[in-house]
Amino acid sequence: MGSGEPNPAGKKKKYLKAALYVGDLDPDVTEDMLYKKFRPAGPLRFTRICRDPVTRSPLGYGYVNFRFPADAEWALNTMNFDLINGKPFRLMWSQPDDRLRKSGVGNIFIKNLDKSIDNRALFYLFSAFGNILSCKVVCDDNGSKGYAYVHFDSLAAANRAIWHMNGVRLNNRQVYVGRFKFPEERAAEVRTKDRATFTNVFVKNFGDDMDDEKLKEIFSGYGPTESVKVIRDASGKSKGFGFVRYETHEAAQKAVLDLHGKSINGKVLYVGRAQKKIERLAELRRRFERLRLKEKSRPPGVPIYIKNLDETIDDEKLKEEFSSFGSISRAKVMVEVGQGKGFGVVCFSSFEDATKAVDEMNGRTVGSKPLHVTLGQARRRW
C-alpha cells in the first residue's frame, strides 16, 4: 500500500471497488488538482474534496473514484505519500462501511515517537506485520505530537506489531505500542486506578466570599496540603469551585467522606475526587450522545424556513403566526447574543400543512418586514 511496494497477493480487501480516500490535503487543493494528479494512473469517474456544509471550507481530505479497480490499486501502491501542493498526502481504500473502524479491531496506538517519524516512515515501519488500512502520526502546527495510530485489517496483524515493536528503540527513543482503547475504556481504567490513589479533591458550591485561605482552613484539618486554589474569572470573582491537593491519599479520602454534603455558610458543599481530563472528556461525550439520541427520537416533522424576520419576533410569536395552518412540533427563531438573526424554522406534522403555510405566508408582511418562506426537507428516521 506504500509508494513503490505492492501488497502481498490475497491480503488486501477492496472496501469500495475503485475508490480511494486521500487525506492530509493542503487547504488549497481543488477537485481539478486531484484529477490532474491521479489521471495518469487511469481513467477517473470523479474526484471530490470534502467541505464543511456551512462554511464550505475544505476539511483536508477527499476521494478519487477510478473506473477500474486495478488502476486504483496501482495508484495506492505507487502514489501513497506523494506531494500535492508541496504536502504529502495519505491514501487508503475508501471504507463506506465504518463498522470495522468503529469496532477498534486491528487498531494499535503508538507513543513516544521521535518527531522525525512521519506518516511515510510509520507506514514502512509497520507494514511488515500485515496489511495496513490506515496510519497517521498526530500533528499540530509545530509538527508531530509524538503519538500515532495504525489500523491493520486483522487482529492477528495488530498483535504481531505489538509483540515485535513494543519497547523497541526508534531514533534513540523507546516507543510504546499497544492495543487501541476507546476514550470511554481508558477513562474507566483511569477512574478505577485513581480511586485508590487520588490526592486531588474537587470542591464546589461555596459562596462568593470564599478565598484560598478560607478554603485551606476548612480542609487542612484532614492532613497536610500541597496546594489550595479557588478558581476565579477574569475579573477576579470566584467561580464557586476550587481544588485542594493533599500530600497523601488517606487525607484526601477522609476530607471527601467528612465534608461532602456538609453545610458551610448556608451552602451545601460538593466534595469529591477531582476527575482526570480523560474522564471529563468521556463524560462530555456521554452527554453529547444522550442529547443526540434525544434529538433523534423526536417525532419527524416537515420544516419550513423563514427569512427576513422582524427583530420583535421570538419563538412564541413565530409559532402564533403559523399555528393556523396546522399542528406545529417546533418553532424556533435563531438568535445570536440574545438578538434575533432574522431567520427561523417551523416544523409541521404534515407535508400538506407545511405547503399551505408556505403558499399563504411567503411574501406576507409580519411586523415591518415581508417574509421569505420556503419548504425544507422532511426529517426521517433511518
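Yeah, the Cβs are placed from backbone N, Cα and C, and that goes for glycine too.
Unlike curated records, TrEMBL annotations are generated automatically.
Taken from TrEMBL, the feature domain 'RRM' applies to 18-96, 106-182, 199-276, 302-378.
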In the domain 'RRM' (199-276), how many residues does DSSP call helix, how many strand, and how many coil? 22 helix, 30 strand, 26 coil
Summary of DSSP states over the domain 'RRM' (106-182), given as helix, strand and coil counts: 22 helix, 32 strand, 23 coil
Summed over the domain 'RRM' (18-96), the DSSP helix, strand and coil counts are 22 helix, 30 strand, 27 coil
Which residue counts does DSSP give the domain 'RRM' (302-378) for helix, strand and coil? 22 helix, 33 strand, 22 coil
